[in-house]
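What follows is one structure encoded as structure tokens, with my remarks underneath.
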Amino acid sequence: AMATAGPRSFSAAEVRARCAQGACLVSCRRRLYDLSGFVRLHPGGEQLLRRRAGTDVSAALDGPPHRHSENARRWLEQYYVGDIEPGDEQVPPRGPAGGTRAMMGAGGISSLCGVPQVLVQHYNPCLLPQDLVDWQKPLLWQVGYLGEKYDEWVHQPVDRPIRLFHSDFLEFLSKTAWYVVFMVWTPVVLYLSWVSYTSLAQGNTRLFSSFTTEYSIPVHKYYFPFIFLLGMILWSLLEYLIHRFVFHMKPPASNYYLITLHFLLHGQHHKSPFDSSRLVFPPVPASLVIGFFYGVLRLLLPEVLGLSVFVGGLCGYVIYDMMHYYLHYGSPKKGTYLYGLKAYHVKHHFEHQKSGSFGISTRFWDYPFRTLIPEETFKKED
């Protein structure tokens, strides 16, 4: 059997040289990590990590301002590349920040696990622990066998892509680039908005006309923006309810099919939260769900009124999907609304997966439903 090479040792000078070239290396109690492929995804912002390049982040992990969760610390281990040589633990900060380009992937280090590094990837496969599934095979048909171990496993995120299906065609339908959602549904929103407005302009739409003609209420075309806004608000509520009660249901450990369904609907996203091809809803299955809600509104409201509410909700959905992608891959400016929302959503993935922060495009519904994540407080220890 071939002997497995141990972890590499890095001198302080080598770390400084790598950081000067644009890599983002940090240490934690002599263990060295290459975060070059993660800097843009960091919820605290890229510049925060780059300012810490070449330094020990042990104290920063414990906060303030933020105490990193066990999942965050486990996530860090995916980028382990070796140890700082004894006596060189305190690596001085690198030179001028922001003047070099980020070296994406693990290419900032010349060798991982004793093997020359030529692959472009964000995680270190040599250091991943023995998992409960075979990542070389489609996961969808494996997760149901995890039983009582599934809930804990699926909420321990990793930085690697997921394959769901054996079929290349089904796998293709299960993945979507973020801009596809915008390109497919925005023309639909614009067209249906025009249809709704022109139909209301004819003056034939009345509320309660099926019950009484004498007291029915006319719906003028000037009401369309308010009906449209109502649809967006209803979508935000629906977004919260689906996320909390459907996506975050806990399937029975003994039910293979419900576990498989949960993983297909949402579990895959929590297992690999930065898989860029699985952050938005693919148009083909989305069209089935959207068609269902359109049918419900047609049954409950007059035709044009139902269409007007529907198109507002559809617009809300498009905004939600775009925002969800941005909360994972965007770098909002510190202090902005989106910066706070990104940090809030990342906490949902790494620390509060089951107990809170179910609102994505807004925190509003977390308030009345009492699922708002409390702010962290730090007390001085004696």
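Cβ coordinates come from backbone N, Cα and C, glycine included.
Taken from TrEMBL as is:
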type	residues	note
DOMAIN	7-85	domain 'Cytochrome b5 heme-binding'
BINDING	His42, His68	heme binding site
TRANSMEM	177-197	transmembrane segment
TRANSMEM	222-242	transmembrane segment
BINDING	His243, His248, His266, His269, His270, His324, His328, His348	Zn(2+) 1 binding site
TRANSMEM	279-301	transmembrane segment
TRANSMEM	307-327	transmembrane segment
BINDING	His345, His349	Zn(2+) 2 binding site
(request) For the transmembrane segment (177-197), could you work out the same-chain residues 6 or more beyond its ends whose Cβ comes under 8 Å from its Cβ atoms? (result) 221, 224, 227-228, 276-277, 279-281, 283, 286, 304, 307-308, 310-311, 314-315, 317-318, 321-322, 325
(message) Under 8 Å between C-beta atoms and at least six apart in sequence, can you list the same-chain neighbours of His243 (Zn(2+) 1 binding site), or say none if there are none?
(response) His266, Phe358, Gly359, Ile360
(message) Under 8 Å between C-beta atoms and at least six apart in sequence, can you list the same-chain neighbours of His345 (Zn(2+) 2 binding site), or say none if there are none?
(response) His324, Leu327, His328, Ser357, Ile360
(message) Counting by DSSP secondary structure, give me helix, strand and coil numbers for the domain 'Cytochrome b5 heme-binding' (7-85).
(response) 33 helix, 17 strand, 29 coil
(message) Measuring Cα to Cα, how many Å separate His248 (Zn(2+) 1 binding site) from His349 (Zn(2+) 2 binding site)?
(response) 12
(message) Using Cβ atoms and a strict cutoff of less than 8 Å, what residues sit near the transmembrane segment (222-242) while being 6 or more residues removed from its termini?
(response) 193, 196-197, 200, 293, 305, 308-317, 319-320, 358-362, 364-366, 369
(request) Please give the average pLDDT for the domain 'Cytochrome b5 heme-binding' (7-85) in this predicted model. (result) 86
(request) Please compare the binding-site residues His248, His349 by how many other CB atoms fall within 10 Å of each one's CB, and tell me which has the fewest. (result) His248
(request) Rounded to the nearest Å, what's the C-alpha distance separating His348 (Zn(2+) 1 binding site) and His68 (heme binding site)? Just drop the number here, would you? (result) 13
(message) Quick check for you: of the binding-site residues His42, His68, His269, His270, which have their Cα within 10 Å of the Cα of His349 (Zn(2+) 2 binding site)?
(response) His269, His270
(message) Cα-Cα, whole number of Å: His269 (Zn(2+) 1 binding site) versus His68 (heme binding site)?
(response) 20
(message) To the nearest Å, how far is the Cα of His68 (heme binding site) from the Cα of His270 (Zn(2+) 1 binding site)?
(response) 17
(request) Could you check the binding-site residues His68, His324, His348 and say which one's CB has the most other CB atoms within 10 Å? (result) His348
